[in-house]
Each structure stands twice: as C-alpha cells, then as structure tokens.
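Undergrad: A single structure is presented below for examination.
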C-alpha cells in the first residue's frame, strides 16, 4: 500500500477581532506557535489580558469553528485556515475602553507656570533674543514694513483710473490693459491695482471673494501690486504685432 504525506503551509493568515474594540486587523502567525504564545501576541494587538482571554475561531461565513483551548497546544493542531477570524473575548474589559480618549489624563500647564519654566521654547528665545523677543529686530522689521507701505502708496497715487498701462510681473509675460481700480482690498493687505486686460489672461471679472471692485469679462481681470504697473500710452499688443507684419 502506498504511503501519502499531507503537506500544509507553515503559517496562517487570519483576521483578529475582539470584544473590547470595534477594529479588525489582519495578521499572519506560524502554525507551530502554542496557544499560550499566541495569546501573548494577541495581548499586544487587542489590549486584552492574556490570562483572561478566550479565543474563538470563525470561518469566512462567520460560523463558529472551534475554541483555541489548552495553552500548550499548537495553533496548527486546530482546524484553522487562511481567511478565518480569531475573536478575542475578555470579560474583564468593556468594549471601547481603549477607544474612549475622554478617560485619558491630559497634561495641562497654565500660561503662568509655562512662563516660569527655564527649559521652554519661550525661555530659549528670550535668553537668545530671538524672534519677537529681539526688540531691535522687531523694530527694524516694523520700520521696513512701514517704508514699503509708504512707497507702495506713493506709486499707487501716481496712477490714474481708466489709463492704459503695461504690467510686468517677474517670471510672467508682459500684459497690457486699462487701470480700473486703485486702493485697498479685503482679500489681502496693502495697495492693489485692478487691471482690465486686453486679452483673457487674468484671473477674475473684477470681483474677488464676493466683493466687486470693478467690472470686466471673466478672465480679463486681475489685481497686481503697484510696483508692477507702468502707466503710459501703450497700444494693445495685438495692434503692435499687426504693425510688424
């Protein structure tokens, strides 16, 4: 009579669920693992106690197959295959116990206590006079910003509504149009110049974020900083190209 040898894979892929969590994870375990060793690994996965957990095996149809009893037995000695599920029961813990963050003790420190600490970021910045704790640097930046705003206002006031202009933004092709707005806006601080371009090379129709500053067709309007606008008798670029033909 011929001898037959049944060879099975040395590992098994299973889903892990538990009575204390709503989460499911996929794990692979060697079949020569004892049930006691498996419980130790499942303790890290589920948070259940190895000493009090009860393991149940379910097939793909969610039908109960067997219980993994006897800590000295090998996992491979039970009828468990790939795709099955090991459910961990632990009656000593409640479901969701490790998911409720309201039970976690939070570390809180008052502003007064934080200011007294010598190892805080605030203390480091103060000692080294960095950032907002460097009065000279803060004053210098404020003066630079004030000077920039004054220059921006000066340039803006030199421009006039309904005058032709050329816009030269670094990194972009020159564009021409008509000045339609000069002033401050609600979408960004500082002075802005609203342009009605000759061609649909803009970003809007003269309105931004629900506020209308001027009116033009869609894609013909844009807002640029005063420094990029040069007012003058600039004909439309299309007309210049026609003259060169």
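Using the three backbone atoms N, Cα and C, a Cβ is placed for every residue, glycine included.
So TrEMBL has the following annotated:
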type: COILED; residues: 133-162; note: coiled coil
type: DOMAIN; residues: 183-225; note: domain 'CAP-Gly'
Undergrad: Average pLDDT across the coiled coil (133-162)?
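TA: On average, pLDDT over the coiled coil (133-162) sits at 86.
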Undergrad: Please count the residues of the domain 'CAP-Gly' (183-225) that DSSP assigns to helix (H, G, I), strand (E, B) and coil.
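TA: Here the numbers are 0 helix, 18 strand, 25 coil.
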